[in-house]
Amino acid sequence: MTATLPTETATTSRSQARQGGRGWALSGVAAGVAGAASIGLSLSVSPPNDPDSPLTAEQVVEHYGDMVPNLIGFHLATVLAAVLLLPFAAGLARRLAAQAPAGSLHGTVAALALTVLSAVLVLGSGLNTEFVFGFLTPELLVPSDASFYSHWVATIAWLWVTAGVAGVAVGLAAVRHGAMGKGLGIASLALGGLTLLVGISPLQYMAGFVGPVWLLVVALGLLVGERRR
């Protein structure tokens, strides 16, 4: 009996080490919420688009002068999503590597895709530093630059196409190798495939509508699954 106790303890410790914690899945849920908030706030700050009476660059500057709180919210949500994606990507890679056959690339592809998305979101928030508070002193801004900024915040942070790559990788790992529940895998394939499809198309910004939904659904499913393990 004395000889078996250390072995049992070591086995339990190794099992717990393999499973890890749930923080990575919770990080994914938070990233999904932040990503959705980023898209919503981006929509809220967009200048009105009237084909019969397009805004001048000066009017765009005036419009954004009233949107500074929303722009700050957009910045915070976008950067938070970028940061929170990284631990989720690492945890997802570990989870898929533990469940898929040796040598499977599903986890690596998913993690790389989410890391690229994180970089895109950082870039999507990158011009905020220069412009957000500049709109409070519009006389110092070049109106044409502000007009360019309006297109930047309405496009770059919407490019969630690589979330679609991650969604397809996760879905295939679930359906083919049982890396997670089949229902969650099918949902990941459907949402990820749609995100990838619209992200490849010329209307690639539409991926911003679907990508955060995929992330939230999959991260919630994984969080619940980790609690049951």
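Keep in mind that glycine also has a Cβ here, set from the backbone N, Cα and C atoms.
Taken verbatim from TrEMBL:
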COMPBIAS  1-12  compositional bias 'Low complexity'
REGION    1-21  region 'Disordered'
TRANSMEM  24-45  transmembrane segment
TRANSMEM  72-93  transmembrane segment
TRANSMEM  105-128  transmembrane segment
TRANSMEM  148-172  transmembrane segment
TRANSMEM  184-200  transmembrane segment
TRANSMEM  206-225  transmembrane segment
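Taking Cβ pairs closer than 8 Å, the transmembrane segment (24-45) reaches residues 64, 67, 70-71, 73-74, 77-78, 80-81, 84-85, 87-88, 90-92, 94, 121, 124, 153-154, 157-158, 160, 208-209, 211-213, 215-220, 222-223, 226 in its own chain, all 6 or more past its ends. Long-range contacts of the transmembrane segment (148-172) within its own chain (CB-CB distance under 8 A, at least 6 residues past either end) are made by residues 35, 38-39, 42, 45-47, 60, 64, 71, 74, 78, 89, 92, 96, 105-107, 109-111, 113-114, 116-117, 120-121, 123-125, 127-128, 131, 179-180, 185-197, 199-200, 204-208, 210-212, 214-215, 218.
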